[in-house]
Amino acid sequence: MANVSRALRRLTVPPACLIPHLRLLSAATIRSFHSTHSRRTDGVFRELTSMRVRTPWVEALRKQQAEGSDPHKASGKQEIPPDRDLTPKRMADSYHSVILPLAQDPWLLDTYLNSSGHIRLGTIFMDLDALSGVIAYKHTGDDVTTVTASCDRIIIQHPLDEICDLELSGKVTYATGRSSLEITMQVAKAPKKGEQIKKEDVLINCAFTMVSLDPGTKKPVPVNPLITETAEEQHLYDLGRKSSSIRKQRNLTALIKHTPNDLESDLIHAFWQRQLAYHDPHNSVRQPANVHYMDATVLRSATIMQPQNRNRHHFMIFGGFLLKQTFELAFTCAAAFAHARPTFVSLDPSTFQNPVPVGSILYLTATVVYTDPPLIAPPEGEGDGAETAAAAAAAEGEQGQAQTNGNEKEKEKEKEHDSPYTRIQVRVDSKVRDVEHGHSKPTGQFNYTFTVEKNIRVMPRTYQEMMYYLDARRRSEQIKENVREDGLGLSPKVAEDSLTE
């Protein structure tokens, strides 16, 4: 009917033979039509999308073509005003929150649900990244270009037991005045009017690190330092300082720069010996059915980057889309490895190395790099650092307390080995190529942890896989230490009951 109408409209003067038919068609099509406001989004709540994308793509593209500039390269001309105000700011200055009315708007909820009726965590991650951008610009102002440098953590803190409105909120919690700032956010059940969010209503706790750049030179620029006014704010600031210190230490000791330490080398040797035993016909040790080689877990995808997922600067993809894509591939990888439905535990420290241009081809590679409990226990004497800590404490006259802490950790290890659950860490590496596939560059590494109610183990066998395994093991131990200290996270059984996936 629509095609007929368009064809008829092209006729300037209808032939006489068509006039009776036109009258009949007109009478048949005079109907009272109305349309509802579109509720569909690109996976990001519209209130956040409007803050992220302010100019239609066609206008941004035409402007760039008229100027003849390459949006992917630095102009070299400084665009930051020399008299930019860098007065210290309060945490409250950057606070921002939005209500996601999932219980009120079934069409909005439709864009957040998966096939089993669970809320897709990938879409929530997109919202969180969009929110972090809003918060960052409230702190830095619009003169700078602020990009996501890393996602330090996303942890499920309490399960979601019903479909309800969600409140996403956050603020800048760490900024020294240099180019980077840490943003802490949470997702919680939206409280009733006049009430405060309860601790048990917090679904997600997370932290992002953003970096501010000069739009012209693409070089880091200073941001307003942060001042604290209460004990709670000082605690958040100290957590940010601790995270910054851990990131720096991790970079200094990264396996890409240094060889494994002695105890890690012993672990590599133990894996090599186990491989030989599996293949030795005269050895009674055989590869168990629940042990899988790392190269057999690899899953890949390739996607063209479209302008609908651009950031506010138009020609690069915004970080939340990458989080969504990598999360869903990691989930699929864990499910294929375990032949079971995985439960998300956390996004562990992950980095955005290079921007992803609109129009490029994004390649993602997901690999199961670590399972806990591990296939091979740490060499004798390593533990998780308890012995080293005990020695240091003894030197300070605190040997008794160190021994108590060591015993508690040993008990926790015993519980982990008795548990029917396995923690699976999936590493997703991303890179981009141009459409002609002439150039390629890495764009990020994302690390996700899931649990499955299954006894299953991964085993590396090449040197590169050993490095992946050791890197993931270090990250796993650090995360478990942080969980013990901060009291975040929840048991696998409780996590299974959450209406998120």
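Numbers run from 1 along the shown chain.
A Cβ is built for glycine as well, from the same backbone N, Cα and C atoms used for every other residue.
Copied over from TrEMBL:
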- 63-73: compositional bias 'Basic and acidic residues' (COMPBIAS)
- 63-88: region 'Disordered' (REGION)
- 91-216: domain 'HotDog ACOT-type' (DOMAIN)
- 295-456: domain 'HotDog ACOT-type' (DOMAIN)
- 375-422: region 'Disordered' (REGION)
- 386-406: compositional bias 'Low complexity' (COMPBIAS)
- 407-422: compositional bias 'Basic and acidic residues' (COMPBIAS)
| remark: DSSP composition of the region 'Disordered' (63-88), residue counts helix/strand/coil, works out to 5 helix, 0 strand, 21 coil
| message | Let's see if you can do this one: DSSP helix, strand and coil counts over the domain 'HotDog ACOT-type' (91-216), in that order. | response | 32 helix, 50 strand, 44 coil
| task | Tell me, roughly as an integer, the mean pLDDT over the domain 'HotDog ACOT-type' (91-216). | result | 91
